[in-house]
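Notes for the one structure printed next.
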Amino acid sequence: MRKPIIAGNWKMNKTVKKAVEFVKEMVETMNDCPDMEIVVFPPFTALHAVANVVRDTNILFGAQNMYYESAGAYTGEISPLMLADIGVHFVILGHSERREILGETNEIINLKMKAALNYRMKPILCVGEKLEEREKGKAEDVIHSQLVRNLQDISKDEMARTVIAYEPLWAIGTGKTASPEDANKMHAFIRGTIISLYDKRVASMVRIQYGGSVRPDNIGILMAQPEIDGALVGGASLDVESFVKIARYTL
Ligand code: PGA
């Protein structure tokens, strides 16, 4: 049985003060939380402060990005060594905003995947198609190629620790969600691809999250799908009440 994983990607939002207030409230409200993982992704500036609040609680935390080298002359970058140093559990890699706005290629994402796994962090690898690719019937081809290129030279053990987030670009921040059935179909395709690249045992361990306009009112029907193991939530994770409602989804 795969453990559900609900993650809040705050993107470029929240000061240190707001981030700390948020996680303090989360820790209090979710201390009885069932057998699941709840992860927040603050901006880099708030990571250390958040780490201090959530230590020894059931709230996990992660980084929204990182560079693939451990140290050196890379002005403005944050390394996996620095993230591991403050106890980061997860790192989001290949988010479509980084692919589209910041020009990250599949090859760069692959280097970052290897670096994160080397430092024992769990990557959440984001894949997703654009609207025109879906309309042309190319959605599966796009996802397949992202997976093959982003997962190159990742071992079976490393793959089993990886989380995949299926985030169709047309659903991110638009209020449009993939129908639960369409999302489930793509998740099944992703799991099938992992079987072909690895094997059934590994594929059965990999958690696949859905992302794109997840809200308190649609989390239940999404999580009811057999292939959906969690959600990567953007906008609706910024407000603590809304994120708690999502984390406490009931089937
Ligand atoms: P959204 O973002 O929930 O605001 O659509 C999801 C994401 O980008 O991870």
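In case you wondered, yes, glycine gets a Cβ from its N, Cα and C as well.
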Asn9, Trp10, Lys11, Gly173, Gly234, Gly235 bind substrate per TrEMBL; candidate in Ser155, Ser179, Ser213 listed for that same site: Ser213
Sequence-ordered binding-site residues from Trp10, Lys11, Ser213, Gly234 with Cβ under 6 Å of an atom of ligand 1: Ser213, Gly234
Cβ-based isolation winner (fewest other Cβ atoms within 10 Å) among the binding-site residues Asn9, Ser213: Ser213
Densest Cβ neighbourhood among Gly173, Gly234, Gly235 (binding-site residues), 10 Å radius: Gly234
